[in-house]
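> If you scroll down you'll find the structure; I have some questions about it.
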Amino acid sequence: MSNPGGRRNGPVKLRLTVLCAKNLVKKDFFRLPDPFAKVVVDGSGQCHSTDTVKNTLDPKWNQHYDLYIGKSDSVTISVWNHKKIHKKQGAGFLGCVRLLSNAINRLKDTGYQRLDLCKLGPNDNDTVRGQIVVSLQSRDRIGTGGQVVDCSRLFDNDLPDGWEERRTASGRIQYLNHITRTTQWERPTRPASEYSSPGRPLSCFVDENTPITGTNGATCGHSSDPRLAERRVRSQRHRNYMSRTHLHTPPDLPEGYEQRTTQQGQVYFLHTQTGVSTWHDPRVPRDLSNINCEELGPLPPGWEIRNTATGRVYFVDHNNRTTQFTDPRLSANLHLVLNRQNQLKDQQQQQVVPLCPDDTECLTVPRYKRDLVQKLKILRQELSQQQPQAGHCRIEVSREEIFEESYRQVMKMRPKDLWKRLMIKFRGEEGLDYGGVAREWLYLLSHEMLNPYYGLFQYSRDDIYTLQINPDSAVNPEHLSYFHFVGRIMGMAVFHGHYIDGGFTLPFYKQLLGKSITLDDMELVDPDLHNSLVWILENDITGVLDHTFCVEHNAYGEIIQHELKPNGKSIPVTEENKKEYVRLYVNWRFLRGIEAQFLALQKGFNEVIPQHLLKTFDEKELELIICGLGKIDVSDWKVNTRLKHCTPDSNVVKWFWKAVEFFDEERRARLLQFVTGSSRVPLQGFKALQGAAGPRLFTIHQIDACTNNLPKAHTCFNRIDIPPYESYEKLYEKLLTAIEETCGFAVE
């Protein structure tokens, strides 16, 4: 007769389900791992392996195994990179968890559990990160079908409310805050009071002292309308793009200097090697301190000039609540100030140099040393000489088919026809084009043709609204003709003094100028790749990397290999040839499958704007010439606004500016586009807004009309007509409705 007690103490049959892993460590600079999980029952020799998942840090397996577990047995679940396991003993290890015998009984039948991955041993040098999700079920409780589980939901409850985890194209994890509309690389954590046992992941070694927590009752950390989430992401991209649209950013501090802030918010600079501190910004030469401030233009938004009790001027940054003695405009515009000083020195030298018998040998002020506004003025003069005195470039399109109809008409024309005065008409609308309709056309068209939806372009990064050519654009058989069209439109915008609403990466503009690309250009486009390549150059890679002169590219899910040089797959990267490898890699990264597309775009652009006219500009200046200023300076807007039938003290005017200051950057841009036809500001600021017959300031016109009417815009005259609304709330509501809902032109 069998003994029930003896049977109960024998091996127990359990079903282990290995569902997925998350946030695995990325050990290769340029490739993602091929993870698989290995299950070993220590003591009995049972061993199982999951399938291999290609190129991911978040593999999903959902595979189960029936295990016989003895009383003293433990289970080790390890994760490995299939690409590396054949290299040497222990290669490819990505982390493991070990379930001790007494913890197995407590894990059993508790649903899916999240376990932190850890090292094989405490002295192991391998970097480990991430979690694995598993479940243990008694064999007699296993049903005919398993529960379908969304792996992503198992991890969401670790994040604070309103946060979302995303992954960039290079595999790096970033965190999106939907409340503040910001992104960051560091994983956000909940306050201590928010942590509770159901949300805490398990330790990698699980024993009787480790609390067992389930995920069945976990709630998703962020749930929202997908359309709202997409709108928030686009708004974030828009803000990030516009915040970077400046001519030149302040240069880095000299080596050995650090910028610090006192407890009172005063900014100072410390030389770490000598311990000497100073209030003066070391990036700015001291002889520039007495420069005329009017030459530098207005202060940045949120800054104010004040005087100390002794009369010394200092600057208050209300954005960061700090003060400093150095004018913030000096560091941002240092290149212009130095250029201007060099120009004056050259002029002084010319005055003391005797006249040369040959005029060609006389000293002149180099054109490239003039500031951007002067160079742009010269460009406009040279372009105006090319414009025919008679005839028009007439284009009639519908708003619904603006992309295709514009493409067909523009591509039919000869390049010299595109130089004629631009006359745009929207079908079914009676607007006369004195500039405003053309600005509206370019605004709408640029939104369409640059939209990644059409496959011609793609976002360069997940967190900023800059574009690059899509290497897989060939899915459209006519893609080269469309790139030719895009180049023509960009050239037409520059030629006729308008702007494209959108922007590319700075290396794109550099290539458009015919300049070579360097490693430094990679930093803004792909920071992770830039850091990896810099690390290769600055460190001895002997025995560390096993790369060859062959790189991989993911094209719609298919992994394609590209050799950087002939037979590159068999040429290892060594300490001796690593500089060549980095140079070839950078060139391939920026021209990866886009050579033909870029040449077609460049051809269209140069058909309208000859390349020799752009030799004096750098890539940042070219970006501003094509796209204008994205950052809207409300102070400059106010100063350069004309009032008609109202005064600065009129309620309509005060309420209008109150609404503008309340708007975020995106709504300010929409308001500007509603009134002027373009969301971009000229390089010289609002004083350079163009109307039907030359410069025309932004105009607020109070009209005698029913207060139930919406404000009305006259884009050809940069004028907005506003009825005498009874309250700020009504003006705000009507103004918002007008800029969000209305479109179309009419003739009065």
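Just so you know, glycine gets a Cβ as well, placed from its N, Cα and C.
Copied straight from Swiss-Prot:
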type: DOMAIN; residues: 1-119; note: domain 'C2'
type: CROSSLNK; residues: LYS119; note: ubiquitin cross-link
type: DOMAIN; residues: 157-190; note: domain 'WW 1'
type: DOMAIN; residues: 251-284; note: domain 'WW 2'
type: DOMAIN; residues: 297-330; note: domain 'WW 3'
type: DOMAIN; residues: 414-748; note: domain 'HECT'
type: ACT_SITE; residues: CYS716; note: active site, glycyl thioester intermediate
> Do me a favour and check the Cα-Cα span between LYS119 (ubiquitin cross-link) and CYS716 (active site, glycyl thioester intermediate); whole Å is fine.
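Per the Cα atoms, LYS119 (ubiquitin cross-link) and CYS716 (active site, glycyl thioester intermediate) stand 68 Å apart.
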> Provide the number of Cβ atoms within 10 Å of the Cβ of LYS119 (ubiquitin cross-link), excluding the reference atom itself.
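I get 15 for this one.
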> Checking distant contacts: for the domain 'WW 2' (251-284), what same-chain residues at least six beyond its ends satisfy Cβ-Cβ under 8 A?
321-327, 330-331, 334
> Counting every protein chain present, what is the number of Cβ atoms, excluding its own, within 10 Å of the Cβ of the residue listed as 'active site, glycyl thioester intermediate'?
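The residue listed as 'active site, glycyl thioester intermediate': 23 neighbouring Cβ atoms within 10 Å.
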> Determine how many residues of the domain 'C2' (1-119) DSSP places in helix, in strand and in coil.
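Looking at the domain 'C2' (1-119) with DSSP, the answer is 12 helix, 52 strand, 55 coil.
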